[in-house]
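Visitor: Can you keep this structure in mind? I'll have questions shortly.
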């Protein structure tokens with residue numbers, strides 16, 4: 001009987017092994033397919049969440065400062081083009097006016113944006129099904145932009161007033177704006193800023209993330225720094241072009257000061273179109289696309305490189321799979 005029993009066991013094992021193998025293969029394929037849409041959707045412990053938050057602060061702040069320093073002159077020219085009414089001349093002196101004060105705001109704003117964006121994105125990727133990963137990226141980008149706006153708007157107001165020659169130093173700008181216009185003066189154009197930046201942040205990061213996922217799926221490997229930079233440049237340039245009219249409106253409202261030439265977003269649009277024509281809403285589109293395209297390349301290249309460096313320094317017990 002023993003040989004018979006052994007024979008039956010062998011056959012049973014032989015018969016069932018293909019099924020087990022198939023199930024393992026299907027499970028493996030399912031995990032592989034899921035990885036591209038929810039690459040960051042791993043179950044996290046609280047420590048991992050705070051580490052992601054901290055690394056986002058560091059990576060975002062680093063990328064923001066590098067971009068702002070490198071491209072500030074182009075941003076100044078763009079601002080002066082948009083602020084000029086009618087056929088006003090553009091002054092090309094003092095292109096770094098206000099840089100130091102602006103970096104003091106850009107550093108915490110960029111850190112806050114990425115610090116909020118990264119953990120929010122990971123949480124949403126766990127919540128949404130794989131085919132809605134774009135919604136997760138859009139939503140995380142908007143939430144990150146909303147948080148960062150609390151720092152970005154006063155920084156932008158001071159920067160643009162200095163770029164247009166209204167003030168010579170950031171401390172003087174803050175003091176005089178607050179004294180003449182009140183605390184609300186530092187948040188001039190806040191609604192127009194949100195109208196521009198929330199769609200901008202959501203669209204730019206969504207395009208970047210989705211292109212990265214598609215590229216990695218096609219290539220079957222992680223992206224290198226030049227590839228991240230190239231995708232970042234495309235996402236930035238495209239988003240910058242689409243949101244130029246919103247940027248013009250935001251600039252006009254922020255630099256008007258106490259003169260109150262415009263009574264709000266709709267009055268601003270109506271006045272610009274009536275006095276200068278519809279093409280005025282595209283003022284500065286060239287420098288803006290150039291600035292944001294190059295900026296996107298630098299920002300995402302530095303961001304991903306910094307994130308990777310920080311990930312390599314994690315303790316082995318909490319190290320996670322590579323992110324996009």
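One is the number of the first residue shown, and numbering goes on along the chain from there.
Backbone N, Cα and C atoms are what each Cβ position is placed from, and that goes for glycine too.
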Visitor: Under TrEMBL, the annotation transmembrane segment belongs to which of these stretches: 14-33, 134-153?
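Guide: Checking TrEMBL against the ranges 14-33, 134-153, the transmembrane segment one is 134-153.
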Visitor: DSSP says what for the repeat 'Solcar' (227-309): how many helix, strand, coil residues?
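Guide: Across the repeat 'Solcar' (227-309), DSSP assigns the residues as follows: 73 helix, 0 strand, 10 coil.
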Visitor: Quickly jot the same-chain residues contacting the transmembrane segment (134-153) by Cβ under 8 Å, restricted to those at least six beyond its ends, or write none.
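Guide: The answer is 105, 108-110, 112-114, 116-117, 120-121, 124-125, 127-128, 186-187, 189-190, 193-194, 197-206, 209-210.
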Visitor: What same-chain residues lie close to the transmembrane segment (53-74): Cβ under 8 Å, and 6 or more beyond its ends?
Guide: 95-96, 99, 102-103, 106-119, 287, 290-291, 294-295, 298-300, 302-303, 306-307, 310-311
